[in-house]
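> Mind having a look at this structure? Questions to follow.
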Amino acid sequence: MLTAKETRDSFKNFFESKGHQIVPSAPMVIKDDPTLMFTNAGMNQFKDIILGNHPAKYHRVADSQKCLRVSGKHNDLEEVGHDTYHHTMFEMLGNWSFGDYFKKEAISWAWEYLVDVLKLNPEHLYATVFEGSPEEGLERDNEAASYWEQYLPKDHIINGNKHDNFWEMGDTGPCGPCSEIHIDLRPAEERAKISGRDLVNHDHPQVIEIWNLVFMQYNRKADSTLEPLPAKVIDTGMGFERLCMALQGKTSNYDTDVFQPLIKAIAQMAGTEYGKNEQNDIAMRVIADHIRTIAFSITDGQLPSNAKAGYVIRRILRRAVRYGYTFLGQKQAFMYKLLPVLIDSMGDAYPELIAQKELIEKVIKEEEESFLRTLETGIRLLDKTMADTKANGKTEISGKDAFTLYDTFGFPLDLTELILRENGMTVNVEEFDAEMQQQKQRARNAAAIETGDWIILKEGTTEFVGYDYTEYETSILRYRQVKQKNQTLYQIVLDYTPFYAESGGQVGDTGVLVNEFETIEVIDTKKENNLPIHITKKLPEHPEAPMMACVDTDKRAACAANHSATHLLDEALREVLGEHVEQKGSLVTPDSLRFDFSHFQKVTDEELRKVEHLVNAKIRANVPLQEHRNIPIEEAKELGAIALFGEKYGDHVRVIQFGSSIEFCGGTHVAATGNIGMVKIISESSVAAGVRRIEAYTGARVEEMLDTIQDTLSDLKALFNNAPDLGVAIRKYIDENAGLKKQVEDFMKEKEAAVKERLLKNVQEINGIKVIKFCLPMPAEVVKNIAFQLRGEITENLFFVAGTVDANKPMLTVMISDNLVAGGLKAGNLVKEAAKLIQGGGGGQPHFATAGGKNPDGLNAAVEKVLELAGI
């Protein structure tokens with residue numbers, strides 16, 4: 001029986017023997033494709049080749065790719081743990097041909113690998129082929145069927161519809177028929193009862209697809225019509241975990257050696273045993289799956305956060321923590337302890353896990369602890385919601401309240417339902433679902449984008465010349481219209497461009513396209529599938545005419561200064577804080593720079609000052625730029641160049657060197673460090689567990705900041721009569737102010753006591769109720785203190801109502817003793833109604849409530865209204 005490692009190696013070895021170049025997995029987190037957050041298929045890293053944006057370096061390629069499916073149409077998250085085969089992170093084994101072999105070889109080699117190499121029983125295999133689509137003029141894929149007939153009986157070759165057997169990259173782009181290979185893993189007696197043929201593509205857990213062979217031969221246009229693809233592509237994908245299940249004779253992916261080490265470790269932590277309790281088993285499967293996703297995401301540079309891809313990772317982590325909390329009794333952080341087990345099973349194949357172990361553990365542990373605190377907060381809020389609901393004589397909490405818990409505090413619905421059941425209560429699920437759908441619709445509306453077809457003026461690829469030129473003669477290769485948020489923009493592709501496209505944390509260039517007829521403003525430059533896209537608000541009237549591409553040089557120079565400064569900061573931080581410092585992200589704009597780095601505690605003011613001094617010393621030294629352009633990656637490593645985890649580098653790279661600062665980098669930089677002028681750190685903060693952030697200014701922005709500081713200092717000196725020592729003068733002022741504040745507080749306490757005593761002497765007893773009412777100008781905090789003091793002294797039958805004014809703002813305050821609350825009076829209900837008379841609103845607890853308003857003249861009437869509503 002092959003282990004997971006042996007299976008992965010056998011696939012690569014087989015296709016290497018067929019002339020394929022074995023390439024490493026691309027990062028699971030995608031940084032240069034706005035249409036995707038995560039790699040969700042093996043073909044993602046080859047999109048630019050498939051789309052024709054770049055030539056293929058190798059015409060035959062194979063790999064094992066880390067994938068993540070948790071958003072968009074490829075969203076398996078809610079299935080994970082509840083069945084035997086869905087995962088968030090999974091490995092995709094794949095082989096590709098770019099204009100080389102096609103259907104015959106793809107089918108032949110798939111069969112050879114499965115049957116001859118892996119020794120799978122051919123009698124248990126089925127193949128599907130595209131049945132055709134008359135409405136699109138597409139015939140059945142008889143070519144693929146004829147090749148399958150060389151290996152399979154006809155009753156093992158099944159026609160598949162467009163949904164299952166016609167693969168499309170998206171609404172537009174390359175597409176084509178596909179042929180899926182399915183395997184029947186049922187026992188012999190089950191196979192004898194019903195043919196596997198009848199269960200293919202019917203969601204049977206033991207009759208499953210293991211390999212999809214995609215034959216890309218068409219291009220889908222924006223009007224939905226198809227045209228032939230100039231260079232045909234083979235794109236295959238085989239689920240690694242499913243393959244291991246088939247080879248190891250298991251009925252669940254989670255029973256293979258891919259997951260079992262993790263599941264056993266989880267069971268040991270929880271003091272339970274896998275296979276004894278279905279709900280516990282689901283929890284263990286969820287955690288085993290999710291720890292892989294979280295660890296690899298952090299490794300590839302995506303930290304949990306509250307935005308975009310980071311939010312997805314945080315949701316996955318919290319889902320796992322919640323399952324451990326609810327079903328396995330894990331009330332303390334526990335997931336980070338699974339990392340050694342994961343490294344033991346996957347560290348050889350993915351050494352980046354080992355290199356990033358300390359950071360991964362730190363981030364996961366702090367995220368767990370943070371969410372556990374959130375869970376405790378959510379439970380307290382749910383307790384209050386339950387109490388309020390019961391007080392109103394109900395046993396069902398509103399779906400809106402449950403959604404607020406979910407959306408604001410990350411408190412999952414099923415945990416809410418579990419706690420409610422334990423308290424004999426329910427939740428309005430339909431209302432919750434309606435709130436969820438409204439939120440999703442708002443998100444869809446905000447993200448809706450309509451993209452037209454590319455209008456191709458001439459064939460060709462883009463050459464970036466921006467390292468050497470800021471102006472360059474060019475012509476348009478293609479363009480298209482894009483509509484989003486009621487705005488129409490145009491995307492333009494040039495044959496030569498000096499415009500730097502946003503990447504590596506540096507914002508894209510702006511500028512103009514100019515010819516004798518007109519000037520077109522370029523408002524941004526983005527990168528899609530490694531293709532520079534120039535964004536404009538209008539098209540040239542003569543798009544086929546040559547144009548001069550001119551970059552905004554002031555913006556470019558400012559970006560270059562800030563980008564070079566990040567390199568100097570990176571080196572200085574390692575020198576001051578230690579070699580554990582690694583860049584985790586950056587943002588380079590013309591106005592400022594932001595640099596995120598791994599470090600496990602706050603950087604002290606003294607350390608920041610040392611970093612600043614080191615950077616500015618290097619700036620004063622005016623160290624010249626040494627650019628090593630397009631050098632072999634091994635040569636770059638020999639130079640000592642620093643690479644970023646989570647970045648995918650080609651065989652040839654660009655290295656930027658300022659003396660001892662040597663980094664892989666594709667951005668724009670100053671010719672010498674002196675051009676930066678000066679660096680001033682303006683803030684240091686935490687952005688995630690184990691990750692700190694520095695923000696800084698350079699050059700002219702530093703001068704502006706120093707001017708502002710000098711002006712502020714001058715104003716302060718004037719305020720303190722030009723005191724010779726401003727620090728001493730300010731401290732003296734603070735001390736005097738503290739003394740005066742203490743005197744005021746003492747006076748207010750005396751006033752509170754005097755008011756309270758006067759009120760006690762003027763208690764009105766009405767029908768056995770001790771009523772205290774008044775209208776006075778008084779701060780809200782003083783009224784509250786008096787109310788609670790009176791409640792402490794009059795423990796029964798107290799009814800306190802006060803109308804007060806502070807800074808011309810009216811306030812209504814009601815305090816009721818517990819026995820009156822038990823009798824049916826609710827302070828919150830009373831102030832809510834009476835507050836209308838002061839043009840306001842409010843509420844609170846049954847025994848204490850307040851309401852603010854805009855009309856002080858209505859206070860007396862409001863106080864009387866409270867008494868009237870209370871029946872006093």
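Heads up, residue numbers simply count up from 1 along the chain you see.
Note that Cβ sites are derived from N, Cα and C of the backbone, with glycine treated the same way.
Under the heading Zn(2+) binding site, Swiss-Prot lists HIS563, HIS567, CYS665, HIS669.
Give me the lay of the land around each of these features.
For HIS669 (Zn(2+) binding site), the same-chain residues 6+ apart in sequence whose C-beta sits under 8 angstroms from its C-beta are ALA560, HIS563, SER564, HIS567, LEU625, GLU627, ILE656. Classification of HIS669 (Zn(2+) binding site) by DSSP places it in coil, neither helical nor stranded.
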> Report the same-chain neighbours of CYS665 (Zn(2+) binding site): residues 6+ apart in sequence with Cβ closer than 8 Å to its Cβ, ordered by sequence.
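Result: GLY504, HIS563, HIS567, ARG654, VAL655, ILE656.
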> Take the Cβ of HIS567 (Zn(2+) binding site) and count every other Cβ within 10 Å, whichever protein chain it belongs to.
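The answer is 25.
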> With an 8 Å cut-off on Cβ distance to the HIS563, HIS567, CYS665, HIS669 Cβ center, who else from the chain surrounds the Zn(2+) site?
ALA560, SER564, THR566, ILE656, GLU663, GLY667, THR668
